[in-house]
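A.B. asks: So that we are looking at the same thing, I have put the structure below in structure tokens.
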Ligand code: SR1
Ligand code: MG
């Protein structure tokens, strides 16, 4: 067994050259590190013909904080295993694993460098027609085929154990459900937002609804989630959509992934109030974002129900009307989790470029206030909605 060592570019190049066979032995390879995420090293290795692969390596700590925040290397095993499983049921939207070495916490992946990262594209006002249906397809298929509706109970339970991911889940538990609702050194927001933060932290109804969501996150092993579906984890072009980075994967509540995705679209929605000054352009982009959310939710529900009707293996869960009841609760959960994503990205540790890159601090503050309010209202009101139409009406009323 090889001892773990964190690679530099030369070591990453040597590894790809000697331990894999993507390139001809005589190929002249070049390698550089370009990771800008919160946690890992990311290298691109390419030859003179621009054939390339990505080598991703987990560090034994969180990159964005440093060695003072140790973090398990196990996350590389989890990430590669989630990608393989999700790739089996939804190959067209999952990045391909080409090689893995769990001891070195390395995953070699297909290079998606010809595509763009969704967050940056949305920030620049670009739109993608297939995004809603592609993400819906991914979320519906990956969650259905790893749920009790489909998997035999013993197999499901074995997978829950295989994908137990306590350290990464603890990050989400702290950052989504704890920090924003009390004093935490990790929280990060301007002094001018303190009145809104204090009001939020004194709002017992919000805390109660967040407790419900956290309890679900902690104990509701419904399916194998991606665990971190933000717009920086999605590559796009006009034909394809690819999900990357499921190192936070575990068996959790199905609505969490959908909620995280919607939450990131809504963070962009709020930010566009100040990013785009021309009103017609802003209206178009707002309409696109809202339509993407509605289409994604509707398509997710439709595909999920279709799979439940045609592929369910469990007799009891096939009871007339149960799949509809189940998925309605998943949608309520999704809008609630979406609310927690809006809030934690505004006042917690990990922010988003959509808002952070607004240069004018006064404009940025307005956006932060809107994101907080929207998050709070979704958390409070989503549990009282019965159907996806009610949830959609709620969102529209909050965006007016
Ligand atoms: C310390 S990790 C901060 C955030 O980055 C990841 O992408 C997750 O969203 C996590 O919450
Ligand atoms: Mg990530």
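The backbone N, Cα and C atoms fix where each Cβ goes, glycine too.
All TrEMBL annotations are machine predictions without curation.
Relevant sequence annotations retrieved from TrEMBL are reproduced here:
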{"type": "BINDING", "residues": "40, 56, 110, 111, 112, 245, 246, 247", "note": "ATP binding site"}
{"type": "BINDING", "residues": "228, 344", "note": "substrate binding site"}
{"type": "DOMAIN", "residues": "33-262", "note": "domain 'Aminoglycoside phosphotransferase'"}
A.B. asks: Relative to the Cβ position of residue 245 (ATP binding site), how many further Cβ atoms are located within 10 Å?
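C.D. replies: For residue 245 (ATP binding site), the count of other Cβ atoms within 10 Å is 24.
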A.B. asks: Largest pairwise Cα distance, Å, within the listed ATP binders 40, 56, 110, 111, 112, 245, 246, 247?
C.D. replies: 18
A.B. asks: Could you check which of the binding-site residues 56, 228, 246, 344 have their CB within less than 6 A of ligand 1?
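C.D. replies: If the test is a Cβ under 6 Å from any atom of ligand 1, the answer is 228.
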A.B. asks: If one looks at the chain holding residue 344 (substrate binding site), which residues at least 6 apart in sequence have a CB under 8 angstroms from its CB?
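C.D. replies: Listed in sequence order, they are 175, 176, 179, 180, 350.
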A.B. asks: For the domain 'Aminoglycoside phosphotransferase' (33-262), what's the model's average pLDDT?
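C.D. replies: A mean pLDDT of 97 is what the model gives the domain 'Aminoglycoside phosphotransferase' (33-262).
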A.B. asks: Select the most exposed residue of 110, 111, 228, 247, where exposure means the fewest other Cβ atoms within 10 Å, treating these as the binding-site residues.
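C.D. replies: Among the binding-site residues 110, 111, 228, 247, the lowest count of other Cβ atoms within 10 Å belongs to 110.
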A.B. asks: Helix, strand or coil: which one is residue 111 (ATP binding site) in, per DSSP?
C.D. replies: coil
A.B. asks: Relative to ligand 2, which of the binding-site residues 111, 228, 245, 344 have a Cβ found under 6 Å from one of its atoms?
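C.D. replies: By the Cβ criterion, which requires under 6 Å to ligand 2, the hits are 228, 245.
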A.B. asks: In Å, rounded, how far does the Cα of residue 110 (ATP binding site) sit from the Cα of residue 228 (substrate binding site)?
C.D. replies: 20
